[in-house]
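According to TrEMBL:
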- 11-223: domain 'YjeF N-terminal' (DOMAIN)
- 61-65, 137-143, ASP166, ALA268, GLY340, HIS391, ASP458: (6S)-NADPHX binding site (BINDING)
- ASN62, ASP133, SER169: K(+) binding site (BINDING)
- 233-515: domain 'YjeF C-terminal' (DOMAIN)
- LYS428, SER429, GLU430, CYS431, THR432, GLY457: AMP binding site (BINDING)
Amino acid sequence: MTMKVSLVKEMRAVDRRAGEEYGLPEVVLMENAGRQTAAAMVSLLGSVRGKTICVLAGSGNNGGDAFAAARYLYNEGAVLKVFLTGNPDHIKASPSIMKQALTAMGIAVHGLAGDRDMDRLRLALRFADGVLDGILGTGFRGTLRPVVRQAVELVNAAGKPVLAIDIPSGVEADTGAVSDVAVHAAKTIALGLPKPGHLLGQGAVYTGALTVDSIGIPRQLLEDEAILQACIDDGLAASLLPVRPRTAHKGTCGRILIVAGSHGMTGAAALCTEASLRAGCGIATLAVPESQQPILAVKLTEAMTVPVPEQEPGVLGGSEALKVLMPLVEGYDAVLVGPGLGRAQVTGELVKALVREADKPLILDADAIYALRGAPEILREAKHVPILTPHLGEMAGLLGLSVADLREDLAGIARDVAAEYHAVFVLKSECTLVAFPDGRVYFTTKGNAGMATAGAGDVLAGTIAGLMKQAAEGMAPVLGVYLHGLAGDLAYQEKAEGLLAGDILAKLPEARRRLQAHSLPYNKKHDENE
Ligand SMILES: NC(=O)C1=CN([C@@H]2O[C@H](COP(=O)(O)OP(=O)(O)OC[C@H]3O[C@@H](n4cnc5c(N)ncnc54)[C@H](O)[C@@H]3O)[C@@H](O)[C@H]2O)[C@@H](O)CC1
Ligand SMILES: [K+]
């Protein structure tokens, strides 16, 4: 089963349908959320008996979850200090039920109207063993109201372990954006499904350790096709990698052409070519500027190298180069263009010509993306849906935006741009995502900061290219992101921050082998059903 990732509007639809189609009223889900939250608090603090827990609740449903959790924590023997951060007159119906139950149990719910209340909160936080953040959930947008902001700052200053309900207060669920401050959680329990805000940018930092609980929402709703985002988890990746038949030969595993490298940048060409082979393609051929071919022929043993006419020494471009490349393209299943290609004008022209004329799926990376700077509409002319693998700087350059603009809504922008230019975008960051023209967005669950190193992108581009003939239809970018991330995690265990791109490359076979261990039962099951 693949874990979906839900936008706020999709989660609201789930909530509504749980009521309309399954007869599960909101307050039932809130009760479940409260019980599961209390259990998550117990796992964060150990036993809560005799421990003091400071509970902050807003007037929305996130606050209702907090009131319900407080009841369970009280039953477990916790000492509670409960604060209502929102206006008591605006409290919604279900949270009101939860608050009344708490009050009937003799537990005081303090307001946060004036300075004295803030002092009480400060004191409570000082003596608390843990904090429960139920101030704001998916209903939050924009900037925090001043009272709430002050409460959040007090929580962060107290430095106590915080469990956030659904999402840390102050993080926007759809984007991960934090306009000002947000609750810094040790752990977050996502309700129903994770949200992009748990995975992206600042939101991921404030979320801390993430757990997801279904809170009893029917699986049919959580797996609904209308939810277009998903995690690239083990289950999904395993379903994309079929077992190679015994009768396979190198032609059936993929013939990949790579157009890469220039004077002084032969390493990028070697890395991506080798990655494609390590990802399991049958044949990889590297086309390089002719003066660089002898160097690459020495660097690469298993790949073929083709010299291409060059205009200046080591620079690819011009009509002679195109005359060699176009017929060459015909003999391959897919073409990777860009790593280490250089940014000369003639090279850019050659890239554009390939995008327009090549009748094979293209993977465009690095300098091939640079070549389309400010002119992404050329992508629409491609004969097959192209795959682009930009990092944030390259994406910003392509679209004429700043990186800060992009960061406001990485997934939303990638989704819109993929639809607009009819291309797949593999947008690389600390949470690499894959956006398809039909609106699907996949978020990586692998990877680490050690992978912020020169050449890691070349290895990813090569991995994706190498999977073009092997992965389930159209899903090479998703499988590639998974294998590359897993290989990076395996390499990080040994090399930590000293990790080199070549270490990721070296771990690709182990990553694939581990995934196969997952996928074997899947494929077996598949066979048995037939
Ligand atoms: N299936 C679901 O979706 C379920 C959701 N539940 C909870 O419901 C939450 C969503 O509830 P709501 O839609 O009521 O929204 P929230 O509880 O997240 O927030 C709404 C409240 O926040 C206040 N608010 C909004 N913007 C603010 C700002 N900038 N500064 C300060 N206050 C602000 C509003 O006045 C309102 O009272 C989820 O996060 C989750 O915790 C659960 O109760 C159970 C089921
Ligand atoms: K919260």
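In case you wondered, yes, glycine gets a Cβ from its N, Cα and C as well.
The structure displayed is predicted, hence computed values, not measured ones.
Here the domain 'YjeF C-terminal' (233-515) has a mean pLDDT of 97 out of 100.
THR432 (AMP binding site) has HIS391 nearby among the binding-site residues ASN61, ASP133, SER169, HIS391, counting only those with a Cα within 10 angstroms of its own Cα.
Taken in sequence order, the binding-site residues ASN61, ASP133, GLU430 that lie near ligand 1, meaning a CB under 6 Å from one of its atoms, are ASN61. With a cut-off of 6 Å between Cβ and the nearest atom of ligand 2, the binding-site residues ASP133, SER169, GLY457 reduce to ASP133, SER169. Those residues of the chain, other than LYS428, SER429, GLU430, CYS431, THR432, GLY457, with a C-beta within 8 angstroms of the mean position of the AMP site C-beta atoms are HIS391, LEU392, LEU427, LEU433, THR444, GLY447.
For the AMP site, whose binding residues are given in the record as LYS428, SER429, GLU430, CYS431, THR432, GLY457, the maximum C-alpha distance rounds to 14 Å. Of the listed binding-site residues, namely THR138, SER429, THR432, the sparsest CB environment within 10 A is found at SER429. Comparing CA positions across the binding-site residues ASN62, ASP133, SER169, GLU430, CYS431, the one lying closest to ARG141 ((6S)-NADPHX binding site) turns out to be SER169. Classification of ASN61 ((6S)-NADPHX binding site) by DSSP places it within a helix.
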